[in-house]
Amino acid sequence: MAKAGDKSGGSGNKGLKRKAATEERQEAAVAEDGTTESGVQPSKAAAFPPGFSVSEIKNKQRRHLMFTRWKQQQRKEKLAAKKKLKKEREALGDKAPPKPIPKTIDNQRVYDETTVDPNDEEVAYDEATDEFASYFNRQTSPKILITTSDRPHGRTVRLCEQLSTVIPNSHVYYRRGLALKKIIPQCISRDFTDLIVINEDRKIPNGLILSHLPNGPTAHFKMSSVRLRKEIKRRGKEPTEHIPEIILNNFTTRLGHSVGRMFASLFPHNPQFTGRQVATFHNQRDYIFFRFHRYIFKSEKKVGIQELGPRFTLKLRSLQKGTFDSKYGEYEWVHKISGSQSGTSSIT
Amino acid sequence: MAAAAARWNHVWVGTDTGILKGVNLQRKQAANFTPSGQPRREEAVSALCWGAGGETQILVGCADGTVKHFSTEEGRFQGQRHCPGGEGMFRGLAQVDGTLITCVDSGILRVWHDNDKEASSDPLLELRVGPGVCRMRQDPVRPHMVATGGKENALKVWDLQGSEEPVFRAKNVRNDWLDLRVPIWDQDIQFLPESQKLVTCTGYHQVRVYDPASPQRRPVLEATYGEYPLTAMTLTPGGNSVIVGNTHGQLAEIDLRQGRLLVCLKGLAGSVRGLQCHPSKPLLASCGLDRVLRVHRIRNPRGLDHKVYLKSQLNCLLLSGRDNWEDEPQEPQEPNKVPSEDTETDELWASLEAAAKRKLPDLEQSQGALQTRQRKKKRPGSTSS
């Protein structure tokens, strides 16, 4: 019944207003219309069935109008509440309660129990004897093989070339349809320590597989936001042959440590500071940002930086124990997408 | 303290760094036990089994070919036995009637006299099982029967008191629809309780049931799950289903009567290395390469009960099969402290009213706090003895 009344009431004037303040508008509308429903309107305003919401009105124009009116009312109420709160705070003066801190994603983050404690002996022993031990003990120096998925297009090829200028002692080879499992034993016999495969889809690079060679872990990343050298604004000239320094930011958890060590083992141990070049892997909320800069100290505290080199963003998809074997290998960590997973916890 | 409390640990986990960890889910504590006080990767634990005499002793098989005895009563390693022969890690460890059965990767199965005095005497019995063994399992009902299986090594059931030939040798399934030979890779074996049947899970994501009593040597039932190699398997309390885990950390319960998938359990992020169900309660303990021990409840309601971060990669686990999970008698915990407390506080008790008396039982109970359902962060007690 209310609905029928609604329609009839609304046919002449534009919508029914809950507040009595707009009665003048109704009367004006009625004056235009001249229907005999004016007497019914004021009582109509209070006679909404409970549970009626603006979304139930079928007519789009009327529904939109009702909604905008409701929104304006909400905004007014909110402003009034704010003013009232402000007045109360001023009235209380010093005794006012402290302002509540706004919730941010970083605030709400659940503390990750796998965060590595620097004094932890067990983790220290684990890291001292894992697959990267020979690199960190200075027994081996890195030699990288960079390749792509089969039949790469221009962007990917150029990215590989630029990456090989960034990473010292790296070689780019064309894939030619070879199977990775066959490439790996050949690399091991030629003393390569790492293998990088840039996967390409629809002419843009979108994945990175980083495999530490003798028998080390293989990390599979999703790569996005790739910018080649010519696409970077205000960049410096070509990088030189100097060995860059490395910055690894924010790899705090156990998984983050493993991934961070993987990146560190790509570069030789002895950075040449005269080159003033630095490669940064910055981890924030599970995204790893790679940048390559040249810096210059203008004074004690001021530094100028120029971005050289390619830039890209990586997100870890899986970490597999052993060299590349996606079908039969054992995974140390796999990214699982589940509906209940909140965005507040971070894994690396 | 850790030594005294070691017997109440619910789960024992062996790691890649040689540390044996005892986890008490009630008190949310994990304790490290190492034979030499320092973790050593050469002593990576590859097999665990209960020793003689109930659950008071654990046999720990290490990567350097030694089997160490660990006493849960005293919380320390008691002795070790060098078991040479063959290459590779231990793939199965069992003990029966004072003898120790070991099986290594290269297929040498040996039965040793379990006597600490004789350091490395010759084995009582040696069998060659075939190369590439992935698992050797002992039948809990008939301890002299063992089953072995591996990569390109078909399932064989051996009677250690009988002949040198296997009692049951499984046959491979028929060629597939392309007329190609189906490869064999038995990763885990379990004996089904009531009958003579065996269940295996393979690296080609199949679960197979074999029945030695039937004339058919081929599997009686075959079910597949997922696309990744199944690495671990355990029987559920009912006896009608098994729970399998694969290299992606997916856990699934498969019904053996029909070969159907019942449920999947969530949570693991790394390859499953060890799985064990409690014999009577619906609890499942799982450990894997993601360095976390999880205890799931498999029915009503299904879900994760406990999650414990243990800092090394976990290789195998042993779940205590005892029934009194919650009850922990207070007296064995602090045998030294109780008498001294009594003498000091006796006068206090005499003088104070009944309200103050409530404090003492609270102090004792806070140590064994009953917090089964709360997901509190546990305190890792990294004490090494």
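Placement of Cβ uses the backbone N, Cα and C atoms for every residue, glycine included.
Taken from TrEMBL, the feature region 'Disordered' covers A:1-105. Residues annotated as compositional bias 'Basic and acidic residues' in TrEMBL: A:87-97. TrEMBL lists A:142-325 with the feature domain 'Brix'.
Not one residue of the same chain 6+ positions outside the compositional bias 'Basic and acidic residues' (A:87-97) places its C-beta atom under 8 angstroms from a C-beta of that stretch. Over the domain 'Brix' (A:142-325) the predicted model carries a mean pLDDT of 92.
Taking H, G and I as helix, E and B as strand and the rest as coil, DSSP gives the compositional bias 'Basic and acidic residues' (A:87-97) the counts 9 helix, 0 strand, 2 coil.
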